[in-house]
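Worksheet: the structure to be examined is printed underneath.
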Amino acid sequence: MTANEIDDADLPDPSLKNIIDQTTLQWVFVGGKGGVGKTTTSCCLGVQLAMSRKKVLLVSTDPAHNLSDAFCQKIGREPTPINGFDNLCAMEIDASQEVASEIDSAEDENDIFNQMFSDLQNSIPGIDEAMSFSELMKQVQQLDFDVVVFDTAPTGHTLRLLSFPTILEKAFAKVWELKDRFGGLIGQATALMSGGNNPAAAQEHMLGKLEETRAVIAKVNAQFQDPAKTTFVCVCIPEFLSIYETERLVQELSKYGIDSHNIVVNQVLFPEKDAEELSEWYEANASGLPKEAQEICSKMLARKRMQDKYIGQCFDLYGDDFHVTLMPLLDHEVRGVEKLKPFSELLVNPVDLEE
């Protein structure tokens, strides 16, 4: 399916303009299979949002950070202004390091609390990553930005990340249930661990910390499940494994109650033409081409036919409900603000190249 066929069909606008126009959005996640162009899409979306919002933040949650490479400048753990913008910042942070540093800084204040809190983290599978995520969200919420765009890790890691609010809410609900039922025993255990050195303060510190984290998670979970505030942009390329993983991602997002109605298909060969048009041109002109050029054109046409097949499947699956945006494969890398700006325009203003 080509860009012209998309226009002729009565389908949702094939662009991300709906995200730019939705001024209530506070959290935009961009994710998909590894190597499909998530970081480029995130950066381009951030560039477009910066044209209409007061302050925009790009956050990389992928352990293998790429924002620095995309913008060709050093980006660290604190919001770093992007060259050429006065309202766009980016940061690359490791949430697990944030938790470790916070606990280390508090060691001198309350050793018993840290020991108990550490024991709690180690007692529930996955709780350490979930607590890291809560610290990440707490840090981001304290910053003064209109909208935050998350450049996420590949699909599996991202699904775990998005499930953490639900996991933590259930875990804290169980902890509070146990506190209500066995409050006396918890007090005695705290007294034993503290050696009688102000056990009430240690218990209060631990429960206060848990309540603070629980409140953050409850707020984050409510916002994640509010389509007016949160949406997820799925990114893929027109190949079987990527389309298949996108379908799995869409289903999992629905299970967690997270809105998703945009799909970006990257690396598309000639999105304004279909394979049959190119084949007709090739057959009419192949005899005048060198053998090497004929081989290149033949391989390109084979790949174009494959892409058209999977793009058609993508529209069959999502075309009625999703904004499906086709982004062209370029003859150069999209790195640096001077390349990202023009490429980002294609996210919101798909160009009819036949005009």
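Residue numbering: from 1, along the chain as shown.
Any Cβ shown, glycine's included, is placed from N, Cα and C.
Computed from a predicted structure; not experimentally measured.
Over in TrEMBL, the protein carries these features:
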ACT_SITE  ASP62  active site
BINDING   LYS33, GLY34, GLY35, VAL36, GLY37, LYS38, THR39, THR40, GLU239, ASN266  ATP binding site
DOMAIN    26-279  domain 'ArsA/GET3 Anion-transporting ATPase-like'
DOMAIN    289-348  domain 'ArsA/GET3 Anion-transporting ATPase-like'
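The helix, strand and coil residue counts that DSSP assigns across the domain 'ArsA/GET3 Anion-transporting ATPase-like' (289-348) are 40 helix, 6 strand, 14 coil.
THR39 (ATP binding site) sits 10 Å from the residue listed as 'active site', taking the Cα positions as reference. For the recorded positions ASP62, GLU239, the largest tally of other C-beta atoms within 10 A is found at ASP62. LYS33 (ATP binding site) and the residue listed as 'active site' are 12 Å apart (CA-CA, integer value). With all protein chains in the displayed structure included, the most crowded Cβ environment within 10 Å among the binding-site residues GLY35, GLY37 is that of GLY37. Considering only the residues assigned to ATP binding, LYS33, GLY34, GLY35, VAL36, GLY37, LYS38, THR39, THR40, GLU239, ASN266, the longest pairwise Cα distance works out to 19 Å. In the predicted structure, the domain 'ArsA/GET3 Anion-transporting ATPase-like' (26-279) carries a mean pLDDT of 77.
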